[in-house]
Amino acid sequence: MDLEANCKEKLSYFRIKELKDVLTQLGLSKQGKKQELVDRILTLLSDEQAARLLSKKNTVAKEAVAKLVDDTYRKMQVSGASDLASKGQVSSDTSNLKVKGEPEDPFQPEIKVRCVCGNSLETDSMIQCEDPRCHVWQHVGCVILPDKPMDGNPPLPESFYCEICRLTRADPFWVTVAHPLSPVRLTATTIPNDGASTMQSVERTFQITRADKDLLAKPEYDVQAWCMLLNDKVLFRMQWPQYADLQVNGVPVRAINRPGGQLLGVNGRDDGPIITSCIRDGVNRISLSGGDVRIFCFGVRLVKRRTLQQVLNLIPEEGKGETFEDALARVRRCIGGGGGDDNADSDSDIEVVADFFGVNLRCPMSGSRIKVAGRFLPCVHMGCFDLDVFVELNQRSRKWQCPICLKNYSVEHVIVDPYFNRITSKMKHCDEEVTEIEVKPDGSWRVKFKRESERRELGELSQWHAPDGSLCPSAVDIKRKMEMLPVKQEGYSDGPAPLKLGIRKNRNGIWEVSKPNTNGLSSSNRQEKVGYQEKNIIPMSSSATGSGRDGDDASVNQDAIGTFDFVANGMELDSISMNVDSGYNFPDRNQSGEGGNNEVIVLSDSDDENDLVITPGPAYSGCQTDGGLTFPLNPPGIINSYNEDPHSIAGGSSGLGLFNDDDEFDTPLWSFPSETPEAPGFQLFRSDADVSGGLVGLHHHSPLNCSPEINGGYTMAPETSMASVPVVPGSTGRSEANDGLVDNPLAFGRDDPSLQIFLPTKPDASAQSGFKNQADMSNGLRSEDWISLRLGDSASGNHGDPATTNGINSSHQMSTREGSMDTTTETASLLLGMNDSRQDKAKKQRSDNPFSFPRQKRSNNEQDHQTRHRSLNKICIILCAGKN
């Protein structure tokens, strides 16, 4: 096997990287396809003349080339093609090798040398055309020229195109079919001594064959004369010299439309005149002269005209010229600021202040909205133009220049913008006046609108779209898709929340107050823990939270043991929270009646002078129940056992059942009275130590009608009267958290000023010492645990009773005394006194309730505490006055 065949076999295993490494060592060009690189190496082995041409200054022998190929191949075998013969690792010295004397072979046609000077011989410095279909070699000194003759040799450009390739790109509407006259360089004929312009001229002949003449018979074929400045800053355009004089077969032809002495600007373009009418079959003569010192080349070509659609077909389709990801990255970079220059000195106001950026989709060429978004690929901005309009205008102007940045390119750089073209495609059915969109830094967009009517007309286009054109989820959709977390609602109902009182019926049918659970087993204690050390009190406020402010959230103050629901029929119940449920049968039909002998002394400290004093009606006079508090009752006797379901207690839906079992009482249960005694008065608060016979012995002739649902399973005798409801003591020395009538974990102690007005003032030391001498109750309750407020006397007018003087009323006296139920009426009215409505409150209209008193205006200033303290004194006088 000879040397050339051996190297050819080894080169077949080389990759492009290895081939370029070998060519680098040989000093040859590395551009081209793989087969071209292989042929370039094999040429050095087969043809000495071509080797001398390719290697330029260095001459290499066949043996040196073969050794270089062999070393590279051996390294590929050893290292698995990972360590390549590159970066000076080849030890062969190719710089000092000389070509051995061998007979010269004819020049191979693969090595094309075509220069404007007309010389096809190689020189020491040559440059190759970048066009893959051309790859001709030209002399550097002939085509790379300085701007001024005295500037010296300019550096080689990064990319080089020969004059033929530049001409093809200058006007894509003309397709070159043949070159009857190859490019020739104009030469200076005279050099004036007076500094005038140098005259240059060239005269050539070209031949038009019969086949060319047949083509010219078709309307789309023509013969065109062209001229080009070799060192033009705008590569892809024609330019004629100053004072150009063109003649074809002796016929003058106008070459330019500008004045002869005017230079062509950067944005200007010259056209190539059509000389078809001036030529004839056979040999034709053409000459060109001009007064210009610059170097031009001149030629004649046979061309075919392209249609507009054919030129548009040259532009790659959407997504092929540029990927969508690259286009989106450019838009984000431009919207984010900097205009594509990622330098630290970029000072973009858009990046600082704008949430989105307005983009106008009007074509800068036509002024109408862009239909097909086109742009030049090398441009760093995001501006676009209408592709169809742009190409059509360039059919005459031949100015392939970006209308935004004014940089010059060729038709091969035009692409369809994949980002903006999706937007314009969605807007094709919009009105032509809709031309603006808003783009966010992430690339999402929407059509800009100024009025609500425009938004409705745009429809979905007025909403934010993702960069790919899909709709972005709106805030409503996001809210709908949010995960709904389960919320545990304890003691809450959809309607008005009920007031829950810590009372229940014992085995004897007596209503009793829940004692503090010292062992921590009650439901409220399990929820409250041990952070609160003060008592629960009854708020004299319409606030649900005990804060003293009307309209608080009714969802709080719901954690009581049981429910005690009242219906006020539109009247404001100052002594009960807003959490009143109207679903239970506790009507308050406060009707106006004669005042009788009940007289109420009102001391008001409020700012209003028109406080109304409502005289109590005979609610319970004559054993009537219309104005009282009605509890429906079942027949006497305990029919059903008490509901011991702890879940019903904790849930707040067990009616008046307040205790899981009897263990929640610290005192023995009292016996149910066998008959219904008449109550001498109403005991709202009790501090007597003796409650063994019943917590309160106050009854009424009318039945207490409580439904089984409210009683929690207990029933009472029809003749059993309304019993007074004891309230928790006001002592602050106790440490239990739920020692209150109202089992509300949020209203502890005396934190809320609105609660102060319904509590007795704290007794002084002398008053307290009087209570210390009293004996403790036999059932384990201390006398300090109960406080009494006397709300009037019996019908017999017994004001001199010692038990009522100091507010202490024994159970024996209560069980034996006879009287009317006026005090019960007064207490029920006190509990159920509400204003008719919010509108009636504004008009200062009060219900006919015996103990409904004017409320002061609540304010947020520092006088609230003093005002409520004065109101406390007023209430005490009202309650203690009774009936005189």
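Quick reminder: no glycine exception, Cβ is built from N, Cα and C everywhere.
Among the ranges 84-103, 444-463, 644-663, the stretch that Swiss-Prot annotates as region 'Disordered' is 84-103. Swiss-Prot lists zinc finger at one of the ranges 112-168, 226-282, namely 112-168. When Swiss-Prot is compared with the stretches 311-336, 415-440, 467-492, 753-778, the one noted as region 'Disordered' is 753-778. Counting only same-chain residues at least 6 apart in sequence, those with a Cβ under 8 Å from the Cβ of Cys402 (Zn(2+) binding site) are Arg375, Phe376, Cys379, Gly383, Asn408, Tyr409. Cβ neighbours of Cys405 (Zn(2+) binding site) (same chain, under 8 Å, six or more residues apart in sequence): Cys379, His381, Gly383. Within 10 Å of the C-beta of His381 (Zn(2+) binding site) there are 14 other C-beta atoms, taking all protein chains into account. Residues Cys379, His381, Cys402, Cys405 make up the record's Zn(2+) site, and a Cβ search at 8 Å around their centroid adds Arg375, Phe376, Val380, Gly383, Ile404, Leu406, Lys407 from the same chain.
The Cβ neighbour count for Cys379 (Zn(2+) binding site), using a 10 Å radius and every protein chain shown, is 18. Computed over the domain 'SAP' (11-45), the whole-number mean pLDDT of the model equals 80.
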